[in-house]
Amino acid sequence: MPIQKTNQRVNINNRRIINGEDADVVQLYPMKHLFAWEAYNTGNANHWLPTEIGMQQDVEQWKSPTALSEDERIALKIVLGFFTTADSIAANNLVLATYKHITSPECRLYLLRQAYEEAVHTHAYQYIVESLGLDSGEIFNMYRERTSIYNKDAFILSFNDGIFDPKFKTGTFEADQKFLENMIVFSIIMEGIFFYSAFAVMFSFQRQNKMVGSAEQIQYIMRDESQHLNFGIEMINAIKEEQPELWTPAFQEKIIGLVKEAVKLEYTFAVDCFPKGIMGINADSFKKYIEHIADRRLSRIGLPAQYNSPNPFPWMSEAVDLSKEKNFFETRVTEYQTGGTLEW
Ligand code: FE
C-alpha cells in the first residue's frame with residue numbers, strides 16, 4: 001500500500017483485525033489489540049528447539065523387541081503420520097491466506113512468531129522420525145495414504161478454496177464471513193480439536209514411561225498450540241465485536257455443524273490409532289474426550305455446548321486446561337530464564 005505524506009496521525013480506534021480503515025499495517029504503536037502483543041511476548045519466553053530434548057531412551061525402546069507392543073508401535077506411527085504434515089498445513093494457511101488480510105500490525109507481529117513456531121513443530125516431528133530411524137517416506141506421506149488422516153486434512157484444506165485465490169479480498173459481507181469461517185476452522189477445529197487425540201496418545205505413552213523424549217517434544221508443541229488457539233479465539237472474538245453483522249444465526253448454525261463434522265472425523269482418527277484400545281484407553285473414552293474439548297472450543301467463541309460429555313482424561317486437562325494456561329506460562333517464563341527444563 002502506498003504511503004501518504006501527512007501530518008495526520010493514525011487513530012487506533014480505526015484499527016481493526018480485518019478491513020481497518022486508513023489501515024497502517026507497518027506502525028506497531030500505538031496498539032489496539034493488546035492480546036496480540038501479550039501472545040508475542042509469551043511465545044518468545046517459551047522459545048525451545050527440538051534438538052534440546054534427549055531422545056536416547058526412545059531410541060532404545062523403539063529398538064527393543066519388548067518395550068512396546070505392536071499396537072503401540074502402530075499408534076505412534078499413525079500419530080506421527082498426522083503430525084508431520086499438520087503444522088505445514090497450518091503454516092501455509094497463516095502465511096498465504098491469513099496474514100495478508102489482517103490489518104492490525106500487532107496481530108501481524110504475532111502471526112510471524114506463530115508461523116515460525118509451526119516450522120519448529122515440523123522440525124520436531126522430523127527429529128523424532130530421524131531419531132527413531134523410521135521410514136520418513138512412510139510417515140510424511142501418510143496424510144495421503146491413510147484414510148482417517150486424509151479425511152481430516154481434506155476437510156481442513158477445503159476451507160482454503162476461494163481464500164487462496166489471489167483476487168480474494170475482504171470488505172464484503174460474503175467475503176468477510178468466508179474469511180471468518182476459515183479462521184474458525186483453522187483455530188477451533190485444526191488447532192483446537194484435530195491435534196488433541198494425537199496429543200492424548202502421546203501423553204498416554206508418557207504416563208507409562210514410554211517414548212518420553214517424543215512425548216516431551218509434543219508437550220512443548222502443545223504449549224505453543226494452546227497459545228495459537230487462544231490467539232485465534234481472541235482474533236475471532238475481536239472480529240465479532242468489530243463486525244457484529246457477520247455473526248448471523250445461520251452462520252452460527254453453520255459453524256456448529258462444522259464442529260460436529262470435525263468431531264466425527266477426529267473420532268474416526270482416534271479409533272484408527274487404537275483399534276483395540278490400549279494403555280487403558282478405549283474408543284468410547286476418546287469419543288467423550290473429543291466431545292468435551294469441542295464443547296469447550298464452542299463456548300470460547302460464544303456458541304452453545306453440543307455434547308456435555310464429562311472429561312474422561314483428567315490427566316490431559318491438567319496439562320491442557322486453558323483456564324490454567326496463564327498460570328503455567330508464568331511458571332514457565334521463570335524457569336526458562338533460570339534453566340530451561342520442562343516442569344509445568
Ligand atoms: Fe499452530
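Just so it is clear, glycine is given a Cβ too, placed from its N, Cα and C backbone atoms.
Secondary structure from DSSP puts Y125 (active site) in a helix. Annotation comment: TrEMBL describes Y125 as active site.
Annotation note: D87 (Fe cation 1 binding site) sits in a helical segment as assigned by DSSP. Summarising the annotation, TrEMBL assigns Fe cation 1 binding site to D87, E118, H121.
Taking a C-beta cut-off of under 8 angstroms and a sequence separation of 6 or more, H228 (Fe cation 2 binding site) has the following same-chain neighbours: A90, Q114, E117, S187, E191. DSSP classifies H228 (Fe cation 2 binding site) as helix under the three-state reduction. The Fe cation 2 binding site annotation in TrEMBL covers E118, E191, E225, H228.
Residues annotated as transmembrane segment in TrEMBL: 183-205.
According to DSSP, E191 (Fe cation 2 binding site) sits within a helical segment. Of all Cβ atoms in the protein chains displayed, 27 besides its own lie within 10 Å of the Cβ of Y125 (active site). Ligand 1 lies under 6 Å from the Cβ of H228, out of the recorded positions H121, Y125, H228.
Around E118 (Fe cation 1 binding site), the same-chain residues at least 6 positions away in sequence with a Cβ under 8 Å from its Cβ are D87, S88, A90, A91, L94. Across the structure, E225 (Fe cation 2 binding site) and Y125 (active site) place their CA atoms 14 angstrom apart. The number of other CB atoms found within 10 A of the CB of H121 (Fe cation 1 binding site), across every protein chain shown, is 27.
Within 8 Å of the Cβ centroid of the Fe cation 2 site, not counting the listed residues E118, E191, E225, H228, the chain contributes D87, A90, Q114, E117, H121, M190, F195, D224, Q227, L229.
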